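These features come from Swiss-Prot:
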type	residues	note
BINDING	Ala221, Gln223, His238, Trp241, Asn242, Ser243, Glu246, Glu262, Gln263	UDP-alpha-D-glucose binding site
BINDING	Ala261	anthocyanidin binding site
Amino acid sequence: FCTPMMDLADEFGIPSYIFFASGGGFLGFMLYVQKIHDEENFNPIEFKDSDTELIVPSLVNPFPTRILPSSILNKERFGQLLAIAKKFRQAKGIIVNTFLELESRAIESFKVPPLYHVGPILDVKSDGRNTHPEIMQWLDDQPEGSVVFLCFGSMGSFSEDQLKEIAYALENSGHRFLWSIRRPPPPDKIASPTDYEDPRDVLPEGFLERTVAVGKVIGWAPQVAVLAHPAIGGFVSHCGWNSVLESLWFGVPIATWPMYAEQQFNAFEMVVELGLGVEIDMGYRKESGIIVNSDKIERAIRKLMENSDEKRKKVKEMREKSKMALIDGGSSFISLGDFIKDAMEG
């Protein structure tokens, strides 16, 4: 979002590099959409409910326009994305928070500007035991791999009707759960969600009492500390890119429930492109007001926790690859060295 600074750098003859905090697949998608807009006047808003599929160079599989990311379905935001993508093409290089073993197709699809994959860049040190001891103690008391963790990011929240559907799904699934719920800000206010004073106000009557032996409802969650805990066996997530990388780093399979920004694309990549996730609703958009019913959520939770042995194996393998990428001689270690060499040589 600081691409205008590139103009200032040009005035002083300083080469510009972009750091891209999302994945390489979405970077390729951004550049592709900008290209077909300029060449064919592509307007994503016209295709959001169609069965059209896009052949995106950074993906192996066709991308359905019905799950276009929320970030490009607003006219003003789409214009901003186009301007940013054009600036990206002028950079001397793009540094991306990903690694070759995860997004090889996307990384290898880039020619100009060069892409440097230096991830996963994560802060995996957490003091969850000091800041949220009651959560960590509860997890300590659960069997290994038995808990599904539901958390939707710093901006993630649902309506009361949707919370009730999630509650019914969890109760009917019978699985142990740790569920972070947040109160949405008022409709006329741009703000982060807050914690509920009493979750009983928005959950089905008697839900907390009926599930007290298997579940815990919390407010804000120390996500890294929770994902690192051996009791966690699955993660229901909004698919923010950091959350995706964290789930892989700790080897926790993910069920995808995207909400905003580029998260629909991330969900597609995890479920269809990479086979590392389970779908709840890849096309869900928070602004749509659609309620995902409890049956659909329950099926996904059961699939995640009961029938995902192959995916679980793949996620565990990716966990090891994510760590290997960063060590001396690893793919991201080498790519970072290439970036440093290029930057130093000007």
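Numbers here mean position along the shown chain, with the first residue as 1.
Keep in mind that glycine also has a Cβ here, set from the backbone N, Cα and C atoms.
For Ala221 (UDP-alpha-D-glucose binding site), the number of other Cβ atoms no farther than 10 Å from its own Cβ, over all displayed protein chains, is 21. For the recorded site, Asn242 (UDP-alpha-D-glucose binding site), the DSSP three-state label reads helix. In this structure, Ala261 (anthocyanidin binding site) belongs to neither helix nor strand by DSSP; it is coil. In terms of local Cβ density within 10 Å, Gln263 ranks first among the binding-site residues Asn242, Gln263. Sequence-distant contacts (6 or more apart, same chain, Cβ under 8 Å) of His238 (UDP-alpha-D-glucose binding site) comprise Phe152, Gly153, Gly156, Trp257, Pro258, Met259, Tyr260, Gln263. The two recorded residues, Ala221 (UDP-alpha-D-glucose binding site) and the residue listed as 'anthocyanidin binding site', have Cα atoms 21 Å apart.
Separation of the C-alpha atoms of Glu246 (UDP-alpha-D-glucose binding site) and Ala261 (anthocyanidin binding site): 18 Å, rounded to the nearest whole number. Between the CA atoms of Asn242 (UDP-alpha-D-glucose binding site) and Ala261 (anthocyanidin binding site) there is a gap of 13 Å, rounded to the nearest whole number. Comment: UDP-alpha-D-glucose site residues Ala221, Gln223, His238, Trp241, Asn242, Ser243, Glu246, Glu262, Gln263; largest CA to CA distance 22 Å, whole number.
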